[in-house]
Amino acid sequence: MKAAFAGILTFAAAALAAPFGSQKALPWDDKSVYEKHTIKAKGIEASFIEYGAVITNLWVNDKEGVMRDVILGWDDTTQYNVNAQHPYFGALVGRYANRIKNGTFEVNGQKYFTPINEHGVDTLHGGFTGTDRLNWTITDKGNDYIVFESYSHSGDQGFPGNLLTKVKYSVNDKQQWTIDYEGSPDADTPIMMSQHTYWRLDAFTSPDPTIKDHVLQIKADKFIKCDEYEVPTGEIASVSGTALDFTQPKAIGQDLMTAQECGTNCTGYDNAWVITDPNPSEETLTLYSPHTGIQLAINTDQVAYQFYSCVTMDGTIPVKKTQANGNHKFVEQYGCLVLEAENYIDGINNPQWGDKYTGLVKAGDKYTQSTTYTFSIHK
């Protein structure tokens, strides 16, 4: 463990010494082809790379017993760090996932500034060099689990405190994929990690190029209102009577084209839903594909989900070879979806919501999160 930690420190010093605004010697300048590391259990198999602690492939059985790769990504692992579009495929995003208004927040009376890397007005997913841009270190691995660690120094992307982060990915014979996060800061600092997996439960076998037929239920009766830049306004509104009402199972396409809560000139979903009754022992989100029968259910100790319906996909990103079946060659608009389990977005700038939603972790305390994805055949 000490050797691994020393390696992380060495990488951090080399890769992150430059100010966050600099584009020199950043991790994505490395043209390395990353080796995939695979874990497996009965009926489930997943592969990962060190860059961004990314999940590259996730295989589960469909209703015919055929193994399907149900997540998006790149065939060439080099693309995870050099592709200009950088859609955060399968990455662990942080230190602070989602958005920070105006790239600034206050802790203990002191203002901190993070990189403005979206719309010219906010910080997205932790800045230019968030955790998705780090080469994580593998510190442990077994047949059914793998552990990654990373180190972020105080001032990295403007955040206070040194932070050592550990994530454990594991699978089991119940066809479950579990992510356990742990962060240890030495100063008070906001932390909100999440997994940015892009889902396609039909593995592109359906004739429909979109996920409009996927059926979604989110046990959330409220959502966080956002402005034209998708930054929270501070208002938490009811989903009742809106296109964002997924309290009962509903095909994503049913109200997709009337969903107008995701910023200027945006039609679709890119919103944070507030879980009605957060309980890690209960499923609070389910998704299934009628075409393959594959169903995903999520249990989490987090209090919100960000659901993104791939509004900005434009048909330029290729479908992986593991999903190339003749129906589709490229990912079209609404051709996938992201489901991020996390805290209230930009909670650090909305203290009126309550202390537990700010994401602030005190020096010496631990940030923890656990989310489990269970796969089955919809009945």
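Glycine too: its Cβ is placed from the backbone N, Cα and C atoms.
Per TrEMBL, the feature beta-D-galactose binding site maps to N98, R99, H196, T197, Y198, D270.
According to TrEMBL, the feature signal peptide maps to 1-17.
Among the binding-site residues N98, T197, the residue whose Cβ has the fewest other Cβ atoms within 10 Å is T197. All protein chains considered, the CB of R99 (beta-D-galactose binding site) has 23 other CB atoms within 10 Å. Using a 10 Å Cβ-Cβ cutoff, Y198 (beta-D-galactose binding site) registers 22 neighbours. The binding-site residues in question are H196, D270, and the one with the fewest Cβ neighbours inside 10 Å is D270.
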